[in-house]
Amino acid sequence: MRESNQSMISDFTLMGLFSHSGPHLVLFSLVAIIFTMGLLGNAVLLFLIHTDSRLHTPMYFLLSQLSLLDVGFPLVTIPKMAADFLQGEGSISFGGCAAQMFFLMLMGVSEGVLLSLMSYDRYVAVCHPLHYPVLMRRQVCLLVVGTSWLSGVLVASIQTSITLHFPYCASHTVDHFFCELPALLKLSCADTSAYELSLSISGVLILLLPLSLITTSYSHVLRAVLHMHSAEARHKAFTTCSSHITVVGLFYGAAMFMYMVPGTYHSPQQDNVVSLFYSLVTPTLNPLIYSLRNREVRMALVKVLGRTGFRSEMTCWRILHCSQDPPLQLRPVSFTVHVVQGVL
C-alpha cells in the first residue's frame, strides 16, 4: 500500500509529438504557427464582439464564450509540449497532470454543451424571429453560459478525481503529448475495465444528448428555411447555420472518436493526431469559419481596419504635401483635419 501511495504522487513522463530530426522540426514550427494564429484569431473575434455595438446580440455573446474556450484549449497543452520539446524532456508533476486533465475536460464538456445550446439560439432566430428578444433575453443567455460552464466543472471534477485515485505502480511514461484520461488509464496497475465501460457510456450520453438537441433544432431550422419566400433571407439563414454546423462537425467528430470508441480500437498515434486536431486545429478554424462566412463580423473587421488605415493614409498625405509644397502647408492640413472629423 505504501508503494502504491508513493506511485500516485510520482511524476509522469510525456512522450511528446516530435523528435529533433529535420522533418519534425518543420512540423513543430507548423504547430507553433497554427497555435499563434488560433490565439490571434480568437482574440480578434473577442475584441470585435466587445467593441462593435452591432455585435452585442445573444448569438455573438455565445460566440464570445466559444472563442474564450478556444483560447483556453491550446493554452493548456501546446506551451507545455513546446517547452518539453525545446528542453529535451517531458516530465510533468502529478499536480500538473491532474490540472491538464481537469481543464481539458472542463473546456471540452463546456464547449459541447455550449454548441448544442447555440443551435437552440439559431432555432429561435429562424423559426420564432418575433419572439427572439424575449426567448433569448439576457437572463437566458447567462443561464446558457452558466449551464455550459457548470456542466464542464461537474464532469471534470468527477472524472479527474476518479482517474487519479487509481494506483500507477507500473510505467509512468504517458504515450501522449499531454495528460489525457484514456492515455493515463493505460498506465494503471489496477483493473480499470469497469471504469472504462462507464466512461464510454457517460461519453455516449455527454455527446449524444447535445447532438440530439442540435439535430432537432436544425431539422426545424431546415424546414423553416425551405419555406422562406425571400432568397436573401434563405441565404442569410443558411450562411449563419452552416457556420455553426461546420464547427459542430469538427468538434464532435474528434470527440466521438476519443470518448465513444473504446481504447482498444485506436492506437496511441491515432490518439495523438485526433487530440492535436481538437485541441489546436479546431480552435484555430472556429474564428476563421465565423469571420469569413459571417457578414456582420466581416463588416466589423473592415470598419476597424478601415478606420485605422484611413487615419494612417491621411497622416502620410499631410506629411508628404507639407514637405513638397511649403507655401500651401496650412490649406491641406486644415482640409485633412476637417475630413477626419467628418468621418468620425
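Placed from the backbone N, Cα and C atoms, the Cβ positions cover glycine too.
Database features, via TrEMBL:
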TRANSMEM  25-48  transmembrane segment
DOMAIN    41-290  domain 'G-protein coupled receptors family 1 profile'
TRANSMEM  60-78  transmembrane segment
TRANSMEM  98-120  transmembrane segment
TRANSMEM  140-158  transmembrane segment
TRANSMEM  197-216  transmembrane segment
TRANSMEM  237-261  transmembrane segment
TRANSMEM  273-292  transmembrane segment
Among 25-48, 60-78, 98-120, 273-292, which stretch has the highest count of C-beta pairs below 8 Å with the transmembrane segment (237-261)?
273-292
Out of 60-78, 140-158, 273-292, what stretch is closest in contact terms to the transmembrane segment (25-48), meaning most Cβ pairs under 8 angstroms?
273-292
Give the nonlocal contacts of the transmembrane segment (60-78) in its own chain as ranges (CB under 8 Å, at least six residues past its ends).
31, 35, 38-39, 42-43, 45-46, 49-50, 100, 103-104, 107-108, 110-111, 114-115, 117-118, 121, 141, 144-145, 148, 177-178, 247, 275, 278-280, 282-284, 286-287, 290, 296
